[in-house]
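> Annotation comment: TrEMBL describes A:7-187 as domain 'UmuC'. Summarising the annotation, TrEMBL assigns Mg(2+) binding site to A:Asp11, A:Asp105. Here TrEMBL flags A:Tyr16 as site 'Substrate discrimination'. The annotation active site is assigned in TrEMBL to A:Glu106.
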Amino acid sequence: MSGGPTILHADLDAFYASVEQLLDPALRGRPVAVGGSARGGVVLAASYEAKAHGVQGGMPGWRAARLCPRLVFVRGHFDRYQGLADQVMAILGDATPTVQRVSIDEAFLDVSGTTHLLGPPATIATRIRQRVRAEVGLPISVGAARTKHLAKIASQVAKPDGLVVVEPAREREFLDPLPVGLMWGVGPVTREQLAGRGIHTIGELAQTETRTLERLLGYAAGTTLHALAHNEDPRRVTSGVRARSVGAQSALGRRRATPELVRATLGHLAERVAGRLRAKGRAGRTVTVRVRYAGMRSVTRYHTLAAPVDATLTLTEVAERLVWQAIDDECGIPAGRRGEGEERRAAAEISLLAISVSNLVAQHAVQLELPLPPPDPWRPGSVTGSARWAVDRSMDEVRARFGRDAVGYLPAALERTGGVPDDFRELAEHD
DNA sequence: TCTGGGGTCCTAGGACCC
DNA sequence: TCTGGGGTCCTAGGACCC
C-alpha cells in the first residue's frame, strides 16, 4: 500500500523573501532580508542570494549587513503572506485530501490514494511545482519518499526550486552521506554531541548502537534518532491537531523592571493570549511566565490553578505575581520579605517577558457564577469571574468590528520598543 | 554591536496516591 | 522491622522546529 514514494513534503523556498521579490521585480536576483536593518533588529527571512553570503533568519541585522554589504532590507508585506500561502495550500489540496500543514509555508501530503488518478508521485510533484510557479508566482521545492522523515530531507536537498524523489531501493544510498544536521530533531547541541563521538553523517549514525545513543542523548532522543537513521518512521500524514498551549512574548531591549513596565507589558500580552483562547473557545489551568534578564539568561515560573482561565484581567494578575516571584528570587529577596526590597527589585534589568497558558480544556460559553469569597488571583472563577468574562466578550466584539487597537485595558501605556509588527505576530499564530 | 515570536516535547525530582 | 512499585501531577529547565 505504501511501498512507493507516496509521501510528499512541499516547502516554499525562502517564503517571505520570495514574496517580496515577487511583489517588487527590482528585488529579483538581489540579496534581500525581510525585517531588521543594518543598525539593529532581527532578520526574519533571507533570500537565496543573501543566504549565499551566510545571512540567515533570526540573525541580528547588523551582522547580516556585515556579512553581505549589498543586502537590501525590506520591512515586509505581512498582510500578503497568509493569502499567498493559502493559495499554495489550495493547489496542494487538489493533489490529495490528505494534507498536513505544518507551518505557513510547508506541508506533508499522502498521495497513495490518488496515484491511480493523477499518475506516479513524481508526476504529481512536478505538476504541483508547475502550478505554484504559474498561478502564484513562487518557487517551491518538493521531496517524495516512503516516509515523512525521508520526504522532508529530500525537499531540503532539493532546495532551491527543485524536486527529489527517493526510490525505496535507493534510500540507504541517498541517506548515508548526508550530514546528521538534516535529520529531524538534530539541532546545534545534538550535532556537537554526535561530532564529539566522531558521528557526522546519517550513515555513521545508523551504524551506532542504540544504547550508545541513549547514553549520549537520553532515552527518547536516542531511540528516535536510531529509528530514523534506519528509516523506521511510523508517523502518518494527519490533519487537525489541537494546540496544547497558547502564548505570547515581547522583547523589551534592556529595561529596568519597574512596576509600570511589568504591568503594562503583561497586560498587553495577557490581552493577546486570553483573546486568542476565547476565540478558540478554550481556557487553561497552567499559567507560565518567562523572564529574560539582560544577558539573555532566562527563567520560567509556573502555577497551576484550580480552575481554567481565559479572562484577560485574571491572567494579568496571575502572571504579575509569577513575574515578581522570579525577579525577587533573582534579586535574592527572601519569600517572607517581599515588598521590602523595592530598590533591589528596580535594579533588575529585563529584556523579555512572556506569558503562556497550557493544560487547555474546552471552555463552555456560559461560566457558572459561584458564590465564593472575595477575588483571589490564585483562585479565579469566583464572583468576579463572570463579570470579567462579560467585559472581555464585549471588548472582543468591539475589536472584531473596529480592529485590535480599538479598545484595551492598557491602550497607550506601552510605547513600542522597536519590536516586530503586529501583522507578523498574527502570522506566527498560525491557527 | 546586539540577539523575534510562535510552538512541541523531553528530563528529572518531589509530592502524593494506591 | 524495614521499607515495594507503579502511576500521575506539578515545577523548572532546555533542545528543537518553523
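Every residue, even glycine, has its Cβ placed from backbone N, Cα and C.
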> Would you mind listing, in sequence order, the residues at least six apart from A:Tyr16 (site 'Substrate discrimination') in the same chain with a Cβ closer than 8 Å to its Cβ?
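For A:Tyr16 (site 'Substrate discrimination'), the qualifying residues are A:Val34, A:Leu44, A:Ala45, A:Gly76, A:Tyr81.
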> Do you know the mean pLDDT across the domain 'UmuC' (A:7-187)?
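Over the domain 'UmuC' (A:7-187), the predicted model scores a mean pLDDT of 96.
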> Which of the listed recorded positions (A:Asp105, A:Glu106) has the least company, meaning the fewest other Cβ atoms within 10 Å of its Cβ?
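Among the recorded positions A:Asp105, A:Glu106, the sparsest Cβ neighbourhood within 10 Å belongs to A:Glu106.
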> What residues, ordered by sequence, lie under 8 A Cβ-to-Cβ from A:Asp11 (Mg(2+) binding site) and sit at least six positions away in the same chain?
A:Asp105, A:Glu106, A:Ile140, A:Ser141, A:Val142, A:Gly143, A:Ser155, A:Gln156, A:Lys159
